[in-house]
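> One structure follows; several queries about it will come next.
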């Protein structure tokens, strides 16, 4: 506690210096002037003296109880109370002024810390005061209270003070019981009552003078304490106990709490409700923020990460972006540091235009009749084959050449090391040839050109070389880096040179792979077979795939139950650059998905579910964007767009994907193709039920409907169509779309009549006497009136007569009378043109 002068203490307590010096002298502290300083020991002595100055006051209270009749009983209760004794007598006016006046500003001390303000409190004159330690911040006196210095850290404890005061009350009440009688019976009750009233009036007047201006209303805490000391008696004078004082609610002040700043983890595609739950706010608040940002959203709508980040920052929280690929990177990353690389066989993809002899060339190399098994001689899906030659093994991928199989060609180019571009010597470069060149260059794969069908009389290999050179495929003989080989798939001419070129190119590439460790690869093709389940053709690229391994292919997972090579033989292990068929997946994977072996089946299942959920969210987001784009594209268009709904079932994933893309490309502004469902396997009853509900046509490509589905289709009238060749399927769909088109209305002139003379008729008005100069005039057809080759009226005929007889038709070179309905301004020299409206079918 720092030292303080007498003048500073007098200024803070609003006392005169002389008065304060007298009080200090009465407490044994000798000070002569206002400049004298008070040491901490003297301040402590002053506070102790103030707290010890107490006095005990006994108060007597008499109450009157009524009995039966006119009898009364006077009850006298005495109560003691300890009251702080005044240091000196002061006038009431001064007391009131000291209560109202507010303390002055705090006085600076040596340590530059403000001394807390000192206030006077008259309540201390009435209420008993407990002795408090020096460390308390507030110590009450008769006329003032002194706050502690700032360097002493003290916290006031109200609850302890209340407990002490309650203990004092209990001790006082016990003393009252011992010293004063409980009941006093007297006959002179009236005299006692008048005496009691005088005492009460004197006490009230004293209390009013002492209370001051700031305490006109009674303190609830004082009332409750007084009520607790009163004892109640029944009508017979027996004690009932103390009256219960009502509980006084204390007004508490709650400090304002800062809003908690949370760190929100944001994943891609998070919904509005999920984001609201993570921020512990209502979903409507998020919707409001989005609305202010100009985005109309519902509580179940998905948000992209950027929008969610803006919302979190707007609401004052922090964020962390969730790494969607964390689990995938941890599971699919294979440690190859302990494994050694070995040379592997090249993976060669045969590409080119349709019917240029790709599969026939591969057939000659494999010495097997593959083309005979393909419908129409057209490759419907990728075939993966491993061929052993005298100079080494080669893995071949045969891709379709039809334009519908663009994605399959791109997939083949991505999975390959070398591309054999087959070009027919008689056809030259065709559209799919150019597309194959683009796929190979995009994948960065070297090209070996095979000029096929050189055995034909009209073959012109030099023409092919020139056309390819125009497309930046330069042969080595011209100074380029592309090897050319003239071959004949029918006779086998030049096939050996082609294989030598492929093996030479593979040596230049120095192809290597890891033969050990967990296998990695790519799905070439997949299908659903009856009795075997999902079957996937997989090309192993690294490691060894073994029977019993846990694999993950896209969104599907499973254990390898069986493996077969390209010849159909069951094998146990497949090394790099080996195509195999595997069984045991949970579903049919998409062609082009990566295949990876995972040691933990639980993690494989979890990752597959995560990929499936991500795919579903992406699909929903795409549908929402498509709906919005369709809404804007359809604005201002008249009429409704016709829709051809199709349910597509196929034998393999690649064919279904290719047909789906081809059919969707047929959509126009007037007719739209909608593939409402597609899948692999036979047509089932559920497909027929879906077709009935959606009024769709079922198309099967290399699949048939089972017996139950056939019966249900006959009953419900659902159309089933089967195809083996993609050309026929696309042509029939085009015809069906043409049938849905609304026909064009075309006007055709069938006759012209010249007005030679005009007659007046009371019945029909003006009658034109005409000569038919072209075609024929028919009674029921619409007409136009032309004057100087300008249409002045369009309507119908009211009458057509040949002489006096009605006629339905008047041919060229004959005269007739024509009455035009609702038109009388026909003049000589006008022409009456007769026409008819015919429907013309639209074409796609």
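Counting begins at 1 with the first residue displayed.
Every residue, even glycine, has its Cβ placed from backbone N, Cα and C.
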> Between 398-401, 402-405, 406-409, 410-413, which stretch does Swiss-Prot give the note region 'G3'?
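Matching range for region 'G3': 398-401.
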> Suppose you had to name the range Swiss-Prot annotates as region 'G4'; which of 444-447, 448-451, 452-455 would you pick?
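Within the set 444-447, 448-451, 452-455, Swiss-Prot attaches region 'G4' to 452-455.
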> For the region 'G2' entry in Swiss-Prot, name the matching range from 377-381, 382-386, 387-391, 392-396.
377-381
> I'm validating the feature mapping. Which of 352-359, 360-367, 368-375, 416-423 is tagged region 'G1' in Swiss-Prot?
352-359
> For a three-state summary based on DSSP, what are the helix, strand and coil counts in the region 'G1' (352-359)?
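Across the region 'G1' (352-359), DSSP assigns the residues as follows: 2 helix, 1 strand, 5 coil.
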